[in-house]
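As recorded in Swiss-Prot:
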type	residues	note
BINDING	Gly37, Val38, Thr39, Gly40, Ser41, Gly42, Lys43, Thr44	ATP binding site
DOMAIN	24-414	domain 'Helicase ATP-binding'
DOMAIN	426-591	domain 'Helicase C-terminal'
DOMAIN	610-645	domain 'UVR'
MOTIF	90-113	motif 'Beta-hairpin'
Amino acid sequence: MKFQLVTHFQPAGDQPQAIDSLVAGLNDNKRDQVLLGVTGSGKTFTMANVIARTNRPALIIAHNKTLAAQLYEEMKGFFPHNAVEYFISYYDYYQPEAYLPQTDTYIEKDSVINERIDMLRYSAVCSLLERRDTIVVASVSCIYGLGSPESYLSMTITLSTGDRIRINDFLNDLANLQYKRSDIRFERGYFRMRGDVIDIFPAYYEDKAWRLLLIGNEIEGISEINAITGNIIKCIDKITIFPNSYHITSRETLLRAVQPIREELNERLDYYYSQNKIVEAQRLEQRTNFDIEMMVATGTCKGIENYSRYLYGMEAGDAPPTLFEYLPEDVILFVDESHVTVPQIGAMYNGNESRKKKLIDHGFRLPSAFDNRPLKFKEWESMRPQTIYISATPGKYELARTNNLFVEQVIRPTGITDPICIVKPAEAQVYDVVHEAQVTIKRGFCVLITTLTKKMAEKLAEHMSELNMKVSYLHSDISALERIDIVYKLRSKEIDVLIGVNLLREGLDIPECGLVAILDADKEGFLRSETSLIQTIGRAARNAESRAILYADKVTGSMDRALKETERRRKKQKKYSVLHNVLPKTIIKPISNTLKEKVVVKVTTIGMNKDTVSSLRKQMLAHAKNLEFEEAAKIKNIIGRINNL
């Protein structure tokens, strides 16, 4: 099936030449290209046109979940008849398995999985395996181990109307795919049998399931049903049932893996005993033997991914199978906001290796567990397909790959120029930013404010709230879907002011924004670097009446370069508008939120529980993020006790 771009717009501004240049580069087999596209110039629309023109599948990597969600929404709008999928980390809370030698504390892996995102991940994998017209929008989590596509595909079951099956064998096959049987509980990853009817709820459907109608051993009919009501949606001729776990393999392969696991265990035990490390030896022997027993009995075990070397026939040090293994050969890779995303990809491996080493050294895991990891940067480089890096401020790596050549997209189709930048003294910045925000809100626009610290963001939000202003703030403890919901509320005028630290830079797409305020702009550093300032100023470039205010008592080198680059772009944009008689027009973008989280509130007997648990959960997430696993585990236990009251 071809990619069908659905839009009322035609490429304009710099878009036509950018699309032509990028398509030509792909056709000329250029491995790397850079699109230097300013905020609001329609980079996503350019990507969509490149995909449609080349008719090639695509993987788009974003550096955070909020930006990935925006890209997913936009791509679904552009390609409603094709498979647009979403692949980010499915953890609302994640505490990896860890050992702290200082306190002799072992912390078991613990996580809270977001079921909706888990379903979307399965859907992405299945679309890549079943159809060519697929676009996957992913976060950097796509470089983490996922399971072998060969093993995954080999375990699929395809059924057609008229097929004859042995019912008991088929039910066993479903169990081998990690589907669970329950006549009462029917949700993703479950199946049930009632008389001559078998219902199967695939892992990659949210509210639909399949129904097999049997006459004897023959499949008389296959239906797609509403998973809640059981009502038939439509009749279908054929289905493919994919496994309910990525880390799955045939029973024969699994049994073959047992012997080399035992051999590695014996080698490691010999090492520990030679070093007189009796505790470590006993710990490893007990744990590994238990895992082997579970794998033989049930086909899986807790932490089975740590045995991936043997399950997938890998050699020591081989790159783990990831989402990249599932991609078609002619896929196009778009790295959005590449100046942030590329360094993120490079940083993932080191943190994982440090944690694993402690587990292995102290007898909690075999050395082969090292192979359950994210890709190293060099591995990612070697396997990535033709790549287009996209950023308003490309990094050194991207430009080095293209010999400093890039396709520039500075002219916006809307005629909007980069915003006027005003520098004001930082001394009275809080008083002034409140006043400027009130003026902007009266004009019918919303406000973005960026601070240097989370504490300052919270205090400013509290101060504005006391002045009866509708305000919220973004920070790293807020989940991906909650962030999306906050941005949705800002656009729909449920709130007027959004305050954040480092979350208001790349990719936040809010045409209703009439003011971007940067507090302490003269504090030189990562958050106030030239790149950060240009990106933050760019948040005001989707509205013809928007401004940017930088609060500073002096003009730093970063400020000077950012202001000069912004002015250079403004002059070029104004010249184009005059030459082509273009009047600046604010972007009109539908307000949608298809990823809005479905919130279920648990009523407890103590009125304070909701707020208390919310506060504790934020602390738990912060400790886990800072690798303070012992503290995170303590707080998790407290939350559990409160919820049981």
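The backbone N, Cα and C atoms fix where each Cβ goes, and this holds for glycine too.
A Cβ within 8 Å of the Cβ centre of Gly37, Val38, Thr39, Gly40, Ser41, Gly42, Lys43, Thr44, the residues given for ATP, is found for these other residues of the same chain: Thr46, Ala392, Gln409, Arg412. Remark: Val38 (ATP binding site) has Ala392, Gln409, Val410, Arg412, Asp418, Gly538, Ala541, Arg569 as non-local neighbours, by Cβ distance under 8 Å and separation of at least 6 in sequence. Secondary structure at Gly37 (ATP binding site), as computed by DSSP, is strand. Close to Thr44 (ATP binding site) in the fold, though at least 6 residues off in sequence, lie Leu71, Glu74, Met75, Phe78, each with a CB less than 8 Å from its CB. Other Cβ atoms within 10 Å of the Cβ of Lys43 (ATP binding site), summed over all protein chains shown, number 24. Highest local Cβ density among the binding-site residues Thr39, Ser41 belongs to Ser41, counted as other Cβ atoms within 10 Å over all protein chains shown. Cβ environment of Gly42 (ATP binding site): Pro11, Gly13, Gln15, Gln409, Arg412, Pro413 lie under 8 Å away, each six or more residues apart in the same chain. Here the Cβ of Gly37 (ATP binding site) has 26 other Cβ atoms within 10 Å, regardless of which shown protein chain they belong to. All protein chains included, Gly40 (ATP binding site) registers 25 other Cβ atoms within 10 Å of its own Cβ.
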